[in-house]
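Asks: Found this in TrEMBL, in case it helps:
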- ASP13, TRP14, GLU16, ASN18, GLU27: Ca(2+) binding site (BINDING)
- HIS77, HIS205, HIS209: Zn(2+) binding site (BINDING)
- 28-48: transmembrane segment (TRANSMEM)
- 57-78: transmembrane segment (TRANSMEM)
- 90-106: transmembrane segment (TRANSMEM)
- 118-136: transmembrane segment (TRANSMEM)
- 142-158: transmembrane segment (TRANSMEM)
- 170-187: transmembrane segment (TRANSMEM)
- 207-226: transmembrane segment (TRANSMEM)
Amino acid sequence: MTGVLAYESSELDWCEDNYKHSEHIAEYFNTMSSLFFFVISPIMLYLLHPYARERNLAVHLVWIMMIFVGLFSAYFHMTLSFMGQMLDELSILWVIGLCYALWFPCRLFPSFIKDRTTFSRLVMAVTVVTTLSSFVKPTANAYVLNCFALHIIYSLCLEMRVCTDQKALRLCWSAVALWVLAISCWISDRFGCSLWQKLNFCYLHGIWHILIVIAAAYASTLIAYLDAKYEIPYALPGLQYWPSDNWLFGLPYIVLKGSTKTQKRC
Ligand SMILES: CCCCCCCC/C=C\CCCCCCCC(=O)N[C@@H](CO)[C@H](O)/C=C/CCCCCCCCCCCCC
Ligand SMILES: [Ca+2]
Ligand SMILES: [Zn+2]
């Protein structure tokens, strides 16, 4: 057991120099940038509360679990332990599973699935199997997770093809652009480390942490907004940005201009 908790017991080691700034923290900047999850998650919990209250309080689990993703990510980069790696990757997998169960559009369900409860059970089964398989070849886990990201983007493209809502389209492009920037940093840190070491700039993985949490905030709000338009149309959902709609950068959230509760569709 102590083996998997030991410092540097993971096969992964990111580009940032180890123990450069602290003898107890393997990758200082990567650890500190994981704390960004603690900043964004409570804000998103607060901003999405009106939508969650109307639609399903389980929506709050997404950003509660993202706090754990940040915690496990910080623990992983602090220790580079195998336990840290698995906690980091499996917590991401379970957040993605939860997002699928909550928000994947009914009209994109496989034909043999008739309702969200059955779909959620299928997602649960896939998540459990993926969790167990992740111990077979742990170095492949990150690539499997990135494949889920590609499927999310593909599903978003299907949804946006029929969307004429300019605010939703802008949010979609912003989310995709942030993801492209984030994944470029992740790949560059993974495969271009010798170049970045020559340039004395080994912080790309830390920058990935900051960009991916914002991309997740954008993408999850967009999917929740499309879901709200379909499932609770009487609540007249709209999109706004915090702290101000007029700022170039802000966190998106859903405003509900109507209120009466009626029967949900799925
Ligand atoms: C219908 C589904 C809607 C889904 C909405 C999006 C839900 C967001 C879910 C997860 C958030 C990702 C959190 C990333 C944590 C990063 C921690 C980390 O750096 N881990 C690395 C090791 O330190 C590890 O190597 C990373 C592995 C890859 C993770 C891939 C995450 C995919 C995130 C998907 C984000 C969607 C963005 C879509 C943009 C249009
Ligand atoms: Ca390192
Ligand atoms: Zn990381």
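The backbone N, Cα and C atoms fix where each Cβ goes, and this holds for glycine too.
TrEMBL: automatically predicted annotations, no manual curation.
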Asks: I'd like to know which of the binding-site residues HIS77, HIS205, HIS209 sit within 10 A of ASP13 (Ca(2+) binding site) at the Cα level.
Replies: HIS77
Asks: Would you list, in sequence order, the residues of this chain other than ASP13, TRP14, GLU16, ASN18, GLU27 that have their CB within 8 A of the centroid of the site's CB atoms, where the site is the one recorded for Ca(2+)?
Replies: CYS15, ASP17, ALA26, ASN30, HIS77, LEU80, CYS202, HIS205
Asks: Spell out yes or no: are there three or more C-beta pairs under 8 angstroms between the transmembrane segment (207-226) and the transmembrane segment (118-136), with each pair 6 or more apart in sequence?
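Replies: Between the transmembrane segment (207-226) and the transmembrane segment (118-136), contact is absent.
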Asks: For the recorded Zn(2+) site, enumerate neighbouring residues of the same chain (Cβ within 8 Å of the Cβ centroid of HIS77, HIS205, HIS209, site residues themselves excluded), in sequence order.
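Replies: Filtered neighbour residues, in order: TRP14, GLU16, GLU27, PHE29, ASN30, THR31, SER33, SER34, SER73, GLY206, TRP208.
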Asks: Using a Cβ cut-off under 8 Å, which residues of the same chain at least 6 positions beyond either end of the transmembrane segment (57-78) come close to it?
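Replies: 10, 14, 24-27, 30-32, 34-38, 40-42, 44-45, 48-49, 51, 84-85, 87-88, 91-92, 94-95, 98-99, 102, 209, 213, 216, 220, 224.
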Asks: Of GLU16, ASN18, HIS205, the binding-site residues listed, which put a C-beta under 6 Å from ligand 2? Please answer none if none do.
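Replies: So the answer is GLU16, ASN18.
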Asks: Restricting the comparison to the binding-site residues HIS77, HIS205, HIS209, which residue's C-alpha is spatially nearest the C-alpha of ASN18 (Ca(2+) binding site)?
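Replies: Closest by Cα distance to ASN18 (Ca(2+) binding site) among the binding-site residues HIS77, HIS205, HIS209: HIS77.
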Asks: Could you give the residue numbers and ranges of same-chain residues that sit at least 6 residues beyond the transmembrane segment (170-187) on either side and whose C-beta is under 8 angstroms from one of its C-beta atoms?
Replies: 146, 149, 153, 156, 160, 163, 204-205, 207-208, 211-212, 214-215, 218-219, 221-222, 225, 239, 252
Asks: Taking 10 A as the limit, how many CB atoms besides its own sit near the CB of HIS209 (Zn(2+) binding site)?
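Replies: For HIS209 (Zn(2+) binding site), the 10 Å Cβ neighbour count is 25.
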Asks: Counting Cβ atoms within 10 Å of each candidate's own Cβ, which of the binding-site residues GLU27, HIS205 comes out highest?
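Replies: Going through GLU27, HIS205 one by one, the largest Cβ count within 10 Å is at GLU27.
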Asks: So among the binding-site residues ASP13, TRP14, GLU16, ASN18, HIS77, who's got the most Cβ atoms within 10 Å?
Replies: HIS77
Asks: Can you name the binding-site residues among HIS77, HIS205, HIS209 whose CA is within 10 A of the CA of TRP14 (Ca(2+) binding site)?
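Replies: Within 10 Å Cα-Cα: HIS77, HIS205.
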Asks: About how far apart, in whole Å, are the alpha carbons (Cα) of HIS205 (Zn(2+) binding site) and GLU16 (Ca(2+) binding site)?
Replies: 8
Asks: State the Cα to Cα distance, in Å, between GLU27 (Ca(2+) binding site) and HIS77 (Zn(2+) binding site), rounded to an integer.
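Replies: That comes out at 5 Å between the alpha carbons.
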